Amino acid sequence: MIERRGAWTLLGAYTLLWFGVAWDGQWHVDVGPDTFYTAPHLMFYAGSALLGFCSLAVVLLVTRRPEASAGTTVPVGPFRAPIAFLVTGLGAAAHLLYGATDLWWHEVYGFDILEETPSHFGLFLGMQLEIAGVVLAFLGLRGERSGRWGLAAAISLFVASAAIGVDGEPLGIPLNVLGLGAGTAWVVGMVVGAGLSARWLAAIGAAYVVLLGLTFLFPPWATRVYADAIDLRMRDNAPGIPIAALALPLLFPLIALLLAAAVRTARRRRLTPRVAMLAVGALTALTVVAQTVLMSSPSIATVLHLALTGAAGAGLCWVGWQNAALLRAARPEVAVA
């Protein structure tokens, strides 16, 4: 099936992108000087380009042979695009466009003093749109065991990307806290709404452990090897610790187990979907951002931020459940254990 091969290609491409981004962050901290053509940049732009080309190829193939698509397609001019690949393709286009903007920004202003530049903001939004598309692609394969494990891997990447993505505090609201909590709640709502059993929430935690371990190991090693290869010295005060990995929610595997228990309890008590998703969404958002909040200085503003994050998580978890209704309508015969 075209979309099955496409989904796995998307997952591989985004994994390449993720480790390129993690490596780039490590490089800036441990070494420093870079150009647009530094190896970590080439790695994550290659991943984004592969995401875009794969999405385009699937759209063209499905347009030529509509019967080859097992899911919902939408018309885009003369083309027929599976929703997941349309979302991923738009994210890849945005990522590459803002990559060109980032190149211009560096040529005009030089080094970035802060991460919150317009080009970086666009890059991270494009990344999150790309991985959302990958999640949607594997939700379409939820009837297969391999597809469900692919979904677990995609969601672990979604959570990791949200944790290091959009930063800054416009209007005093920390976007990293709000984005991580609300985004994670949305994908949890999608998983539950698509009919996956609670144990697959625990499987997401297992996939996250693997991703976390690799993110701990790869960036510091790659930075040392690449610096030696191009004759650059490490900074005298280089911490040498895995910067990207330590920015991730380290307790997420335990949170996944907690969410699995909460969903199982809600189903046994026959709670209505709205009540269950609002409760699970608030729980998801508040627990997944706990590490970030505890590492900051507590204040009255912190309580308000948590309240906003919990409310956003509750609402988006319910929205995710409703989004999954499209999947249930498209493939009502799929029963997932």
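Heads up, the Cβ atoms here are built off N, Cα and C, so glycines get one too.
Copied from TrEMBL, the annotated features are:
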{"type": "TRANSMEM", "residues": "7-23", "note": "transmembrane segment"}
{"type": "TRANSMEM", "residues": "43-62", "note": "transmembrane segment"}
{"type": "TRANSMEM", "residues": "83-101", "note": "transmembrane segment"}
{"type": "TRANSMEM", "residues": "121-141", "note": "transmembrane segment"}
{"type": "TRANSMEM", "residues": "148-166", "note": "transmembrane segment"}
{"type": "TRANSMEM", "residues": "172-193", "note": "transmembrane segment"}
{"type": "TRANSMEM", "residues": "200-221", "note": "transmembrane segment"}
{"type": "TRANSMEM", "residues": "241-263", "note": "transmembrane segment"}
{"type": "TRANSMEM", "residues": "275-294", "note": "transmembrane segment"}
{"type": "TRANSMEM", "residues": "300-321", "note": "transmembrane segment"}
Exercise for the section: Sort out the residues at least 6 away from either end of the transmembrane segment (300-321), same chain, that have Cβ-Cβ distances under 8 Å to it, and list them. Expected result: 172-174, 177-178, 181-193, 273-274, 277-282, 284-286, 289, 293
Exercise for the section: Answer with yes or no whether the transmembrane segment (7-23) touches the transmembrane segment (172-193) by the criterion of at least three Cβ pairs under 8 A, sequence separation 6 or more. Expected result: no
Problem - Other parts of the chain folded back onto the transmembrane segment (83-101), taken as Cβ under 8 Å at six or more residues beyond its ends - result: 3, 6-7, 10, 45, 48-49, 51-52, 54-56, 58-59, 71-74, 76, 118-119, 122-123, 125-134, 136-137, 139-140, 326
